[in-house]
Amino acid sequence: MNNAIDSSLTENRLFAVPADFAAQANLTANEFAELQQKAAHDPQQFWADLAHQHLDWDTEFKTVLDSSDAPFYRWFSDGKLNVTHNCLDRHLHDAQRHKAALIWEGEAGEVRTLTYAQLHREVSIFANALIHQGVKKGDRVAIYMPMVSEAVVAMLACARLGAIHTVVFGGFSAEALKDRLEDTSAVMLITADGAWRGGKKVPLKQHADQALLREHEHSVKRVIVLRRTGADIDMQEGRDIWWEEAVSGQSAVCPAPPMAAEDPLFILYTSGSTGKPKGVFHSSAGYLLWTMLTTRWAFDLKPEDVYWCTADVGWITGHSYVVYGPLANGATIFMYEGAPMYPQPDRFWEMIARHGISVLYTAPTAVRAFMKMGDEWPARHDLSSLRLLGTVGEPMNPEAWMWYFQQIGGGRCPIVDTWWQTETGGHMIAPLPGVTASKPGSCALPLPGISARIVDDQGDPVGAPDAGGYLVIEQPWPGMLRGVWGNPERYIESYWAKFNNRYYVAGDSARRDQDGYYWVMGRIDDVLNVSGHRLGTAEIESALVAHPAVAEAAVVGIPHEIKGEAVCAFVILKHQHQGDDRDELGAALRVQVTELIGAIARPDDIRFTDALPKTRSGKIMRRLLRSIARGEDVTQDISTLEDAGTLQQLGAQDKR
Ligand code: ATP
Ligand code: MG
């Protein structure tokens, strides 16, 4: 094979599915095998059956997949349904109407529960308020809110009317908000006077005012403002209206009109880890089907579960696995407003014990941050209500996996490591908790209907086990993105052009082991070339994190006269190892990488640091580290960087 990405870190631990878990799972080994067989034999029938079985349709579809304008695929395009009917109205029968849909906890500890009947009522009222304010089907509505139940209400109210929501993470700056308002030509902005984060008020409305300063640069006519922190804010006459005024006198009856399956449901921007964020948009029916199925399969949700996905609704994980997937399944969702370590590092564990949370879905960045704080924090709490753990966002380092498994899951809970993207709508590769044995650090097997492949530079499948290449998807699937908003060229160029529209190109590198398990090796953009060997970042980072003193690591390439590129590693130490001798540790880490991977991956340069540049969604931005390691000016897009202070700390020459 040409240009394989080399791999040599072997992780041999295997954790079988606990027999009692398998016995009660939503998807059994037999059902999984049947689904896979059906998907391989007749994909269209496979998807059609699932769509009939799991969704309520107003008009049945006749066409399953329309490929006439590929790669602009259309699914179930002559069918009609309403997404919120499927998430709310259809659960209003019998006792289900009084089941908790949302249990929300504020940062200060206040708790609010909304049953399905109550959530349905709030959504109907707010949808009527939107109509009253002039919002129409197809209009773009921006939502820039804290993690409060009203954010979910606002999303669903838009969906009920067919208005296209675009949620902008509440931690983003005025500038990032302005870009998104312009790019989507939003007619309305829904925001709050502020948000609580780490005991402080985040001035959302001030940011919104700044973003809206120059009227000719945006199309926002109305701003609805929720009172949350009680901050003193300006309300612009004729433009701004309080949430409570907007809903006052509105009827709780709001029909759920049928939408075409392909009507866009929302626009959402990617994290910006590898470059300027892309405004991805998703469909109504296909997206709903995929989030519903993957929630059911991967999280094994049962009526009695209390399920917590820690993502903010400003990310795809929040869209698919806080809102649409769980609600379509009639689940009970827990939602938390504030900072994870507030007021102290056991906030998550304390809430899990108090609310009896049974399924937890979070990110490797959070797991590594908790690991850094020490084992004593989770140990203080009774975590026995947990029965399943999930992760998403970055490759999970095997040692962080082990920590999560033992310290949080008590060695009892399956870990579902889900590989997917803003663009894929829902999970693509993940172990099924009742079926698939887990290997720490691997996202295991593609889900039924997902034709993942690993290909070389020419687009030919990589044959040998463990040979790394491009992770691509061969066949379209219902949950896939429908495009980049207003920029069809970028859709083609970002995801299809590389192999002439033959595959959806994810932009990640991966390998498949002899058991068919997938291991994400990092971003294609971040691959290093050391003495002619192409190395992904994930394995070297995992070898570093395997050292007991290390909580997190990021590696990038720096130019080297002889080798072409050398490895530069940025390393964060666990709290109790902050005082260790750095020279000794550096030497030990070089030995460790040499032993686990080989001399080829040994870092030439190791830099100890307290923080890494991350996106607002918690992903390491290696493209910035690369500039820092090379002593170059940082001239790239940093609109989604979490904390510009980390750049200074790392000695960046910020010349933007
Ligand atoms: P941008 O596309 O703007 O660079 P991004 O790719 O970080 O940003 P997201 O859609 O939020 O935006 O993230 C998807 C990416 O996250 C995947 O392409 C992959 O690199 C990484 N990822 C997500 N889940 C996993 C996982 N379980 N294992 C490994 N990597 C993962
Ligand atoms: Mg991406």
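Quick reminder: no glycine exception, Cβ is built from N, Cα and C everywhere.
Mapped onto three states, the DSSP output places R197 (CoA binding site) in strand. The feature CoA binding site is assigned by TrEMBL to R197, G198, G199, K200, T317, S531.
Annotation source TrEMBL lists ATP binding site at G393, E394, P395, D417, T418, W419, W420, Q421, T422, D508, R523, R534. Counting only same-chain residues at least 6 apart in sequence, those with a Cβ under 8 Å from the Cβ of R523 (ATP binding site) are S273, T274, G507, D508, S509, T537, R622.
When other Cβ atoms within 10 Å of the Cβ of H547 (Mg(2+) binding site) are tallied across all protein chains shown, the result is 21. The Mg(2+) binding site annotation in TrEMBL covers V545, H547, V550.
Taken from TrEMBL, the feature domain 'Acetyl-coenzyme A synthetase N-terminal' applies to 33-87. Secondary structure by DSSP for the domain 'Acetyl-coenzyme A synthetase N-terminal' (33-87): 26 helix, 7 strand, 22 coil.
Taken from TrEMBL, the feature domain 'AMP-dependent synthetase/ligase' covers 96-485.
Annotation comment: TrEMBL describes 539-619 as domain 'AMP-binding enzyme C-terminal'.
Non-local neighbourhood of K619 (N6-acetyllysine): S271, S273, T365, G393, E394, each in the same chain, at least six residues away, with C-beta under 8 Å from its C-beta. Annotation comment: TrEMBL describes K619 as N6-acetyllysine.
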Helix, strand and coil residues within the domain 'AMP-binding enzyme C-terminal' (539-619) as assigned by DSSP: 28 helix, 27 strand, 26 coil
Coarse DSSP state, helix versus strand versus coil, of S531 (CoA binding site): coil
Nearest of the binding-site residues (G198, P395, S531) to V550 (Mg(2+) binding site), judged by Cα-Cα distance: P395
From binding-site residues R197, T418, T422, S531, the one whose Cα lies nearest V545 (Mg(2+) binding site): T418
Cα-nearest neighbour of P395 (ATP binding site) within the listed binding-site residues, R197, G199, K200: R197
Residue from T418, W420, T422, H547 whose C-alpha is spatially nearest that of K200 (CoA binding site), among the binding-site residues: T422
